[in-house]
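Notes for the one structure printed next.
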Amino acid sequence: MPEQGIEAQLRLQRGAFRLDAHLQLPANGISVLLGRSGSGKTTLLRAIAGLERAEGFLQVGGQLWQDATCFRPPHQRSLGYVRQASELLPHLDVRANLEFGYRRIPRARRRLGLDEVIALFGLEDLLDQRAEWLPNGPRQRVAIACALLTSPDLLLLDAPLICLDRHSRAQILPALEQLRGQLRIPLLYVTHSQDEVTRLADHLILLDKGKTFASGPPGRLLSDPRLPLNHPDEAAVVLIGQVEHHDPHYRLSTVRVPGGTLSVSLSRLPPGAETRVRIFARDVSLSLDPPHNSSILNILRVRIADLFHEQDSARVMVRLDLDSACILARITRLSADRLGLAPGLQVYAQIKSVALME
């Protein structure tokens, strides 16, 4: 598929609800669609799949799927679609479900091998089981695998983990993370989970009342306090870094991120591997001078970009510039005034906790 992603302007009226979505998404990686319940996320995915007859324009990978003069029906759109509760062919076993779409794809067009996908999702012990007997977790693993084995040009995932327990989610997330760097197609992923956003998103789209109102790299959007992503207590940013080395004695790993290095819990990843860390604004304090003799391991020199005073609150959100990224600090207004904090001022960010997302 050409290195072109998704371009869409889709409009749809359903009673009092109106979808008016504008998308321009990268050609590969995971684009996460985030919004409140009822904001139109599922409706947008159904419109992209052709299951809802929306007006407008849709192009995927340089191929026109619809405009004012043409409309490809769902069966002519090269896509995989996995829902919250996916349906399999109940009378067939897991292997037959996997092979059903795979065998219909010409060998030259297959993006992934059958055995490769079986291993990726840990399906070896399920192959002879009837699909109708599968619990929710294994069922979703099989459903995602089936969608991938059709070698689609676009994969739509509508909150595929929302009904699963923690153990089942932990089996699927690493596979999706691996696919992100391996599969050269766009994935459009709906979720309500901040953990999933942190671990999976290469691109973030915010939807509210049927309209897309922000789109871009997660680091930029998550570090903008003006966007209604989280309650201020839960505000956090994600930094992409690289594992530098491990210290088995203290059970710590060093990760290089924009602006310096961070000590994190001992990682399973080898040195040189890319990883992601999450830093909550509530876990960051500020100092004008380099802290000495502190128990806090992670201290970065940063520059204040902006201060945002929270309405009817004693708190202020401070956005801090690193070399090519931002983090947030949520402190009291009293502390901000005492320190004389202002845009452009250089300070030291003391990070009490860093979560390694793996």
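One-based numbering along the chain as shown.
Placement of Cβ uses the backbone N, Cα and C atoms for every residue, glycine included.
As recorded in Swiss-Prot:
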type	residues	note
DOMAIN	1-234	domain 'ABC transporter'
BINDING	Gly35, Arg36, Ser37, Gly38, Ser39, Gly40, Lys41, Thr42	ATP binding site
DOMAIN	293-358	domain 'Mop'
Site of maximum Cβ density within 10 Å, from binding-site residues Arg36, Lys41: Lys41
For the domain 'Mop' (293-358), the number of residues DSSP places in helix, strand and coil: 7 helix, 34 strand, 25 coil
Cβ-based isolation winner (fewest other Cβ atoms within 10 Å) among the binding-site residues Gly35, Gly38, Gly40: Gly38
Binding-site residues listed as Ser37, Thr42, least Cβ neighbours within 10 Å: Ser37
Neighbour tally for Ser39 (ATP binding site), based on other Cβ positions within 10 Å of its Cβ: 20
PLDDT averaged over the residues of the domain 'Mop' (293-358): 95
